[in-house]
Amino acid sequence: MSNTNTAGSIQRITREIASAQKGTDLSIAVACRDSDVRHVRALIIGPPETPYEFGFFEFDMKFSKDYPIKSPAVRCITTNGGRTRFNPNIYAEGKVCLSILGTWRGQPGEEWSSAQGLESVLLSIQSLMSANPYENEPGYETHKKEEPNPAAYVAKIRHETLRISVIQRLEGILQLQPDKLEPVFKKFKSKATASPPESPQASALATASNGTSTPSSVHEYDAEAVFNSLDSAQWDPFADLIKRRFLWYYDAYIRAIETFEKEQRDGTAFKRMEFEYPPNSMEGNFTYKNLHARMEGILAKLNEEKLSWEQSGAQQVMDGTQLAVMLAFQFKQLAYKWNEGETAGRMEISLPNPKNPFVWQLTLFGQPMTNLDGGIFNLKLYIPPDFPET
């Protein structure tokens, strides 16, 4: 007889999701739909001073009814349509090799236990994104990152982090089409890789509509399955977060491109590592000049979006919409609280245009006796016209 406690499992998952969402770790984000808390989407921001720096790596997590007795199933979906292996332990097919997930052999004490949870799994995955991922491969633990092969591995991961996890992701969100996409595979083209990369959402939709490899005419039409797949294809919980973070990290992205384009000439092929084999590998060429132009295109599009929000907000003020009135009222309340209340002297808010409450100016003063002591930090907030939906 099964001892599965379904209600307890759902309560545990719900509690862990809420804890992660309220946490202070800016490098991790999680989301789920109200209809299925067992299916979680997670975002890990690549750690600084690693080749994964400020990349956007997304994972699909499914929790069974036996959770937390059994570990969740985790799949990486930042794989360039199943073409790119970002780490010895993160395969191109999406498999994540970790002993706590039961996908890799581990030493005693490294297996899954019910004391672990959602955040511990994400932190374990994040730990794979180290400054020297080459050493994650068994048998290569003693290799230093300054050696030729580890250095070459770091170089191509850095390039593909920028190209795939940042640029391609933002271009997809903003519906931008780059002028020229460099071919990822030149030597190893096949029927599977010759076509454009397919997103996990599109793959799921195709599976639901047509079955697996069986002709669609053999299957009966399943309206519920198609509806759920369409819902999944449209679900992108981190789109707004990724746009904001891109603006945060833009200078770091450009600095990395300008630094490393001097070391890796455009057109130079990636070096394949001893433990890589197509299609579970990272093939391609360095194209930093192309990445620089695409980064600038993304920034221009985001700036255009901000300007359109400001203009739309001004129109809402003229029309006297409920949102415009609410924002103006909230600004007056917060201005009194922050500019004249207990936070006075540490934070000030103002409206660049006193007649438009859709754009706020924040000035933060570094707290004394901290690393920010003496600093003055200016931020500008653009509020979308459909707030709080966006």
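Cβ atoms are placed via backbone N, Cα and C, with glycine included.
Automatic, uncurated: that is what TrEMBL annotation is.
Per TrEMBL, these features apply:
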- 200-217: compositional bias 'Polar residues' (COMPBIAS)
- 8-166: domain 'UBC core' (DOMAIN)
- 329-390: domain 'UBC core' (DOMAIN)
- 192-217: region 'Disordered' (REGION)
Margin query: For a three-state summary based on DSSP, what are the helix, strand and coil counts in the domain 'UBC core' (329-390)?
Written below: 12 helix, 18 strand, 32 coil
Check: When the pLDDT values for the domain 'UBC core' (8-166) are averaged, what is the result?
Finding: 95
